[in-house]
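Novice: Structure incoming, see below.
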Amino acid sequence: MDKDWHSGHFCCWQCDESLTGQRYVIRDDHPYCIKCYENVFANTCEECNKIIGIDSKDLSYKDKHWHEACFLCFKCHLSLVDKQFGAKADKIYCGNCYDSQFASRCDGCGEVFRAGTKKMEYKTRQWHENCFCCCVCKTAIGTKSFIPREQEIYCAGCYEEKFATRCIKCNKVITSGGVTYKNEPWHRECFTCTHCNITLAGQRFTSRDEKPYCAECFGELFAKRCTACVKPITGIGGTRFISFEDRHWHHDCFVCASCKASLVGRGFITDGPDILCPDCAKQKLM
């Protein structure tokens, strides 16, 4: 140490025992005999609780120390020298034991996440990158959009195929602007008159045999016809009509064939295909 001593003065800094001809250790520029050095400075082994002497290799981790022979996995007692290990609750474990007891596991395959493995997370669940896939087509989701449903993950395409609302007419997915008729979904453009195919969305319509018809087609195909004007009596919009035997009239068409006076709420007399008010009928018979 670039210093000179009489042989009688070269002593242990702690106990003053002569170090001449003895093994010693220098610490902070002071010589110590082996015994004093180990008593003052040596670490205690976490495993065997004995001093780690200068002749033993001192292995340390987070202010804890072990003899090389004591640096073992807490569970399987495999040596951890020069091996990967993990720590939990002041104990050290080999990689396999740590993974089996403490490592998080993939919600897809159930295997642990090894060090350096890419992990995909959603809410409280996690997957290996290859395990985070659509439950139907098994395609990896990656950075693409997905839809969770009842603990399952779906890609957008498979979710639409399996759960999206479909038009009752064309069977294609309704993404927006649908129409509901008799509790069944339709695209607006698919909800058309059964007869003429004109769109019925936002228009007046009625139905026959569970099929929708525009007002015009329904009148032409199914409605009673007015005996006077021969036009359909559809009843749409509250149109009133009068029936007598097997003949029918619009409210405004129910008039005397002679004087054209309304017969609604009045008595009338039939004259072949015509109807007459009492006054005109009397004149005709005179």
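A Cβ is built for glycine as well, from the same backbone N, Cα and C atoms used for every other residue.
TrEMBL: automatically predicted annotations, no manual curation.
For 43-104, 105-164, 165-224, 227-286, the entry in TrEMBL reads domain 'LIM zinc-binding'.
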Novice: How many helix, strand and coil residues does the domain 'LIM zinc-binding' (227-286) contain under DSSP?
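Specialist: Once the DSSP states are binned, the domain 'LIM zinc-binding' (227-286) shows 11 helix, 18 strand, 31 coil.
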Novice: Report the mean pLDDT of the predicted model across the domain 'LIM zinc-binding' (227-286), rounded to a whole number.
Specialist: 80
Novice: Quick check on the domain 'LIM zinc-binding' (43-104): DSSP residue counts for helix, strand, coil, in that order please.
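Specialist: Counting residues per DSSP class in the domain 'LIM zinc-binding' (43-104), I get 10 helix, 20 strand, 32 coil.
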Novice: Under DSSP, the domain 'LIM zinc-binding' (165-224) has how many residues in helix, strand and coil?
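Specialist: Reading the DSSP string over the domain 'LIM zinc-binding' (165-224) gives 7 helix, 21 strand, 32 coil.
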